[in-house]
Amino acid sequence: GIDSFPKGVQSLYSKCKYITEICDNPPLMFLKDKDKEEGRKKHPFLTSHLVIFMHSIDGENARTNETQDLLSMLVMAKRIHIVASVNHLNAHLMWDAEQQDRFNWLWKNATTFKPMRTEMANKSIMTNGTAATTSYGTTHVLNSLTPHHVQLLKLLAEHQLKLEEENKSKSRNRKENSAMQFHDLFDICRDIISFSCTEQQLKKLLREFTDHKLIEIKRADGTEWLSIPLSRDIIQRDIIDYDR
């Protein structure tokens, strides 16, 4: 297998690309026929196919956009294949057009109609049997996200705490009044932090947070409202004060 990567290959995406290039252009193809045969015996992995079996590719820990991007990039190699199961009827909606083209799935209905006892037995590290996200879980997720993701979450967190403070003395629903409209966040990204993206790209970024239960999106009167379903202390300590 690959024990180490070249010095310039550091990010997950570059490592993924490096692996696919080796699979598509194995070193053996540049050798003479006699040397190829010897090379196949000594390094069989250079010409064999790699099949990845993945249970619940739409599970909570796998359905992040980064994970799906990496998997879809891997299977673009001619000798890398993936066999996966999905649990949700609408699982295909988590892939954008580009990812679907890369995966090029051949669908097979293999419904068991059995209770999901095994899947439900393992609680997410983000929760302790409740909807509340733990401090450890918040930091764990932020460590795995890009600076743009973190900056977006910090903006939303600062907005939410500011409104909560302003509404503290008022008899209003705190969660509703501390939420931010999607279009307001989009305007801030475009005008204040100079983060150029389309509405669709922003929604794709936000999906990372909703997958990890760091953001709730509620719709009312045709408007999307964003809020962070965490305690004030966790928002301040683990999001606003977060420093990678």
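Any Cβ shown, glycine's included, is placed from N, Cα and C.
Annotations in TrEMBL come from automatic prediction, not curation.
The domain 'Origin recognition complex subunit 2 RecA-like' annotation in TrEMBL covers 38-109.
Taken from TrEMBL, the feature domain 'Origin recognition complex subunit 2 winged-helix' applies to 174-233. The average per-residue pLDDT of the prediction over the domain 'Origin recognition complex subunit 2 winged-helix' (174-233) is 82, rounded to a whole number.
The domain 'Origin recognition complex subunit 2 RecA-like' (38-109): residue composition by secondary structure is 29 helix, 10 strand, 33 coil, according to DSSP.
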